[in-house]
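Asker: Below are the features listed in Swiss-Prot for this protein:
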- 64-78: compositional bias 'Acidic residues' (COMPBIAS)
- 212-242: compositional bias 'Basic and acidic residues' (COMPBIAS)
- 247-306: domain 'SH3 1' (DOMAIN)
- 307-364: domain 'SH3 2' (DOMAIN)
- 1-89: region 'Disordered' (REGION)
- 189-244: region 'Disordered' (REGION)
- 89-140: zinc finger (ZN_FING)
Amino acid sequence: MTEKEVLESPKPSFPAETRQSGLQRLKQLLRKGSTGTKEMELPPEPQANGEAVGAGGGPIYYIYEEEEEEEEEEEEPPPEPPKLVNDKPHKFKDHFFKKPKFCDVCARMIVLNNKFGLRCKNCKTNIHEHCQSYVEMQRCFGKIPPGFHRAYSSPLYSNQQYACVKDLSAANRNDPVFETLRTGVIMANKERKKGQADKKNPVAAMMEEEPESARPEEGKPQDGNPEGDKKAEKKTPDDKHKQPGFQQSHYFVALYRFKALEKDDLDFPPGEKITVIDDSNEEWWRGKIGEKVGFFPPNFIIRVRAGERVHRVTRSFVGNREIGQITLKKDQIVVQKGDEAGGYVKVYTGRKVGLFPTDFLEEI
């Protein structure tokens, strides 16, 4: 064959089926490549200003979680002690006292330019304005019954009125101030008084034996005379009234009312004459009124010497200390010291001495 024949000879041709299968393979490869590129996207390229741009062209924002700081548990403060609450407090209101009144806290009179004070709406307790803090925890014992009258002859110790609230509701006519004083004195000295009840004063025992031995001697000169025997019997208790511990030139009178709580207590009203049998104990004396014998506190009586007279105050009076006058309340017991001068007389209350008008005194 010549060169022309070789050049002009036809090229070998592939069948159509093989061509189509090759195209299908290319398409499949391209499809796989497109899915792979979607899965593996390149990270966003940073811009000149430092912001990252996503595939869509918008900026990408990053969210950072804040770290929670662990707070230290603070120690709880100690619990506060429970505050006392008064379930029945006083209901004080401003009050103008036309007549002089005593403060139930400090026992001073509300007079002169200080007539303005406080009065409880229910129990009618009178106090100064500056004394209100002392009765914040004091319970009010309610409205006073219509038949209740305060015994102003009793000593004024009103800083302790808690023990007498129940007694006042049960016995409407008892003085709360006096009940507090009486209960405190009796409970404080109860043990001493028990031992004292069994022991008798030897001098008093001798005085009791003397009348028994003197009875037959007194009956001899009056044989057959029954009146003489009665007189002798009447003289016998009079001999027992002699005070072995004191001189016979004086006697004792009750300043305040003392109400007996026990069987061996001596009950007496103010102004009663008392015969002292035993005064060996400083806190409890043994006395006699008529046929009654018992114990009582010595600060409830006053000694009256020969020539002195006992009076009862018929009207309250506010005295001027600058001129030696004394302030007394109604129904108070006093002892006269000296004679009258200018309508005034010198009196003694057991604690204070001063001048008092005779028009307001009644001799007992």
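Note that Cβ sites are derived from N, Cα and C of the backbone, with glycine treated the same way.
Bear in mind that the values here come from a model prediction, so they are computed numbers and not experimental data.
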Asker: I'm checking region-level scores; what's the whole-number mean pLDDT for the domain 'SH3 2' (307-364)?
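Answerer: Summing pLDDT over the domain 'SH3 2' (307-364) and dividing by its length gives 85.
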Asker: Could you count the residues of the domain 'SH3 2' (307-364) that DSSP puts in helix, in strand and in coil?
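Answerer: With helix first, then strand, then coil, the domain 'SH3 2' (307-364) has 6 helix, 25 strand, 27 coil.
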Asker: By DSSP, what is the split of the zinc finger (89-140) into helix, strand and coil residues?
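Answerer: For the zinc finger (89-140), the helix, strand and coil counts are 10 helix, 16 strand, 26 coil.
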Asker: How many helix, strand and coil residues does the domain 'SH3 1' (247-306) contain under DSSP?
Answerer: 3 helix, 29 strand, 28 coil
